[in-house]
Amino acid sequence: MREIVTLQIGGAGNAIGDSFWHVISHEHGVDYASGRFGGTSPLQLERINVFFNATASKRFYARTILIDTEASTIQRLNASSQLYRPENFVAGSESAGNNFARGYHTDGAAILDQVLENTRREVESVDSLQGFQLLHSIGGGTGSGLTSLIMEALVEQYPDNLLCNYVTIPSPNMSQVVVEPYNALLSTPALVNNSHLTFCLDNEALFQICNRNLKLKMSGYEHINHIVALTMSGITTCLRFPGQLNAGLRKIYVNMVPFPRLHFLIPGFAPLVTCKQQQFSKGTVSELVQQIFYSNNLLCAIDLRKGKLLTAAGIFRGRMSPREVDQLMTGVRNKNINNFVDWIPNNIKTAICDIPPRGLKMSATFIGNTTAIQTLFQRLLDASMSMLRRKAHLHWYTGEGMEEQEFQDAQQELQAIIDDYRSSAEGEDSGGGGGGGGGRSGSAESGEEEATPEAHCQYCTE
């Protein structure tokens, strides 16, 4: 079995992680509160060990480590479910205070050894580890600083395994902390050089989905976390269930990442409509294919029309014709040929799993590697440069042991990744500038083929 170890870090990472375990535990027939199996299909158990540890008595535990520099968030999760192993809660004694420096140098560093010890124990309990899944925000101190520290250690200790990050990126219209641009900036080197797959999310796009698509009058973080969890469930479907394509993290990496540094991906999901709208929807594969390319269905505020797609993938769930899916996806590429780079052949992939998500007959998850993401990076760079020119709030970081040169180095790294994506739109080699790729491997795993080109409302948390 090709297992994945999850690390959910900081307040946002643990909230998203908890929603993810809610969603996939139900899909696998595991009761979230007790961890007991109550499913009805052997398919629910066939590949359950990818994300769950199983006992002889059919008791299941999430293969995850819950990490925060303060204990309050993860203590609530410990009390809410027996799905989590008590020994896998790692908490410090003091919050990182929305400060990358405290997450990286002081408060986060104080619990790093315990995090790595728990990780080692989880890794030793699996048969064949394929990689790590890290859930975090880069706007706060723990999610940015401690995650960067953890990633550096994981790459050093497990160089043959992939790191997959689900990252909540600060949005200027949703900012709650004045130093978020600094924290996001300082996270850049670790994400560029140590992550293999980085799925970019932002709260502004997610709240717009809640308000515009789902017509929720009082949307909260529980709603947006649920949308993220649905999308993560879609991305991991082919890892967790048998289907047309039994993919692994490495296959996703090989198919989606043309150069090691260009691994920042935009996820999307369809359908994202209200229950009433679903009643009037035809519910066709054609509709799903159209919707996953709409900016309104992306979990990051990116306009695909403002860049070119290097690679794209659609992961479909439900009973449908593989031939129809392939034809429709190929048709999208042919009709929008100018929105795809011409130097990567067969750069649109499909995968199908017969098992639909809860409450839907069919769904589709989008993954896009687009040069339009440079607009997001430029936004982060501009915000941090504006503050750094004035040396605004810099003393909060230098007081924790950081130097101003570290900010300048991070800005250079961020500018380099912007340049890499910009040049890739013209087909220039974007693989070498600005840094290495710790623990990277560009080839498929031995023995694996490259992936083939190819009632209850889901959005309510009650």
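Including glycine, each Cβ sits where the backbone N, Cα and C put it.
Binding of GTP is annotated in Swiss-Prot for Glu70, Ser137, Gly141, Thr142, Gly143, Asn225; the matching candidate from Asn49, Asn203, Asn255 at the same site is Asn203.
Under a cutoff of 8 A between CB atoms, and with a sequence separation of 6+ in the same chain, the neighbours of Gly143 (GTP binding site) are Ile9, Gly10, Gly11, Ala12, Gly13, Gly103, His136, Ser137, Thr168, Asn183. With a cut-off of 8 Å between CB atoms and residues at least 6 apart in sequence, the same chain places Gly10, Thr69, Ser95, Ala96, Gly97, Asn98, Asn99, Phe100, Ala101, Arg102, Gly103, Asp107, Gly108, Asn183 near Gly141 (GTP binding site), listed in sequence order. Cβ neighbours of Asn203 (GTP binding site) (same chain, under 8 Å, six or more residues apart in sequence): Thr168, Ser171, Met174, Ile224. Summary: among the binding-site residues (Ser137, Thr142), the fewest other C-beta atoms within 10 A of the C-beta are counted at Ser137. Long-range neighbours of Glu70 (GTP binding site) (same chain, six or more residues apart, CB within less than 8 Å of its CB): Ala91, Gly92, Ser93, Glu94, Ser95.
Sequence-distant neighbours of Asn225 (GTP binding site): residues of the same chain at least 6 apart with a C-beta under 8 Å from its C-beta are Ala15, Ile16, Asp18, Ser19.
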